[in-house]
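Everything on this sheet refers to the single structure shown next.
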Amino acid sequence: MAWFQVMLFVFALLLRSPLTEGKDPDFTSLLTNQLQVQREIVNKHNELRRSVNPTGSDILKMEWSIQATTNAQKWANKCILEHSSKDDRKINIRCGENLYMSTDPTLWSTVIQSWYNENEDFVYGVGAKPNSAVGHYTQLVWYSSFKIGCGIAYCPNQDNLKYFYVCHYCPMGNNVMKKSTPYQQGTPCASCPNNCENGLCTNSCDFEDLLSNCESLKTSAGCKHELLKTKCQATCLCEDKIH
């Protein structure tokens with residue numbers, strides 16, 4: 001009988017071990033291979049993108065990306081708790097990245113809201129207030145980012161922050177030259193009057209510019225130039241789209 005009680009005690013300890021804590025229902029309900037989780041993440045992002053202040057005229061509606069999700073989950077699984085390289089989060093275009101670490105399973109909506117709340121330290125047209133970090137916010141609302149994919153991992157190798165959240169945004173935002181204006185201020189959808197859904201633009205571009213002066217190059221050299229064919233695809237192929 002005593003032996004049986006000891007075995008029950010050992011079994012109870014195993015149930016509380018770090019290797020199994022991460023598999024509890026609270027964690028598994030956050031896995032992003034579930035359609036309802038994907039919808040929660042996309043809907044929360046679009047809700048917040050609609051609510052920016054001042055309002056934006058060119059903010060794209062976000063959609064789920066399987067490719068971006070695969071990359072985000074791969075990085076989360078490494079449990080390094082730092083940003084990945086740009087190559088690790090590239091699909092056909094480069095993607096940005098937001099990270100979140102937690103001691104306990106946290107709802108995706110709560111995670112995303114925490115990124116958005118950095119707007120309290122952001123002044124449109126000026127940038128971050130002194131000694132403040134706002135990169136999560138600016139990437140979340142970046143006007144041309146429209147594909148999103150996220151992943152979550154349980155990291156027993158970490159002492160405290162055992163839950164690692166990763167979201168990839170494509171195309172990437174936080175362009176240094178535009179970081180104080182992550183979108184164009186104006187009436188919602190003013191930049192896309194014929195491609196609007198509930199205050200967000202739907203005329204997205206699947207290409208990106210790799211040079212900052214593509215518009216002037218298009219005027220001077222034209223899109224048939226070999227340089228523009230490879231470095232200015234958004235400018236040349238997405239003339240009537242947000243990019």
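Glycine is treated like the rest: Cβ placed from N, Cα and C.
Here Swiss-Prot annotates a disulfide bond for Cys201; of Cys192, Cys214, the partner residue is Cys192. Disulfide connectivity taken from Swiss-Prot links Cys223 to one of Cys232, Cys236, Cys238, namely Cys236.
The secondary structure of Cys214 (disulfide bond), as reduced to three states from DSSP, is helical. Comparing Cα positions, Cys232 (disulfide bond) lies closest to Cys238 out of the disulfide-bonded residues Cys192, Cys196, Cys201, Cys205, Cys238. Once Cβ contacts within 10 Å are tallied over all protein chains shown, the disulfide-bonded residues Cys201, Cys205, Cys236 are led by Cys201.
Of all the disulfide-bonded residues listed here (Cys189, Cys223, Cys238), it is Cys223 whose C-beta has the fewest other C-beta atoms within 10 angstroms.
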